[in-house]
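Annotated features, as they stand in Swiss-Prot:
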- 1-22: signal peptide (SIGNAL)
- Cys35-Cys71: disulfide bond (DISULFID)
- Cys51-Cys67: disulfide bond (DISULFID)
- Cys54-Cys80: disulfide bond (DISULFID)
- Val100: valine amide (MOD_RES)
Amino acid sequence: MIALRLIAVTLVVAMAASTTWARSFNKRANFDPSCAGVYNRELLGRLSRLCDDCYNVFREPKVATECRNNCFYNPVFVQCLEYLIPADLHEEYQAHVQTVGK
């Protein structure tokens, strides 16, 4: 009886650990693995939204993908930044790219 309880507890702990790991893995699954800097969901989300907004303006599929290339460190991202974001915030966005990038 004690052995059965021990096995049941072990299974429950193992399942909880694997679920937590899977949830943690899935959080990062949406972002480019080339982003080798600090993982910050808020910054990555903000940069990604800029690319989404840029795609919504230009409606060209390549804009959405190229904007995110090389962890947002590319000419398309810069063009989107210049087009959509006020000039006084450009340095802030470039700092975000440096934080999450290489």
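Including glycine, each Cβ sits where the backbone N, Cα and C put it.
On the structure: features taken from Swiss-Prot.
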residue	record	DSSP class
Cys35	disulfide bond	coil
Cys51	disulfide bond	helix
Cys67	disulfide bond	helix
Cys80	disulfide bond	helix
Val100	valine amide	helix
Given the recorded positions Cys51, Cys54, Cys80, Val100, state which is nearest to Cys35 (disulfide bond) when distance is taken between Cα atoms.
Val100
Spatial neighbours of Cys51 (disulfide bond) among the recorded positions Cys71, Cys80, Val100, defined as Cα within 10 A: which are they?
Cys80
Tell me, which recorded positions from Cys67, Cys71, Val100 are within 10 Å of Cys54 (disulfide bond) if we use the C-alpha atoms?
Cys67
Let me know how many other Cβ atoms fall within 10 Å of the Cβ of Cys71 (disulfide bond).
21
Using only C-alpha positions, which one of Cys67, Cys71, Cys80 is spatially nearest Val100 (valine amide)? These are the disulfide-bonded residues in the record.
Cys71
Cβ neighbour count (within 10 Å, all chains shown) around Cys54 (disulfide bond):
22
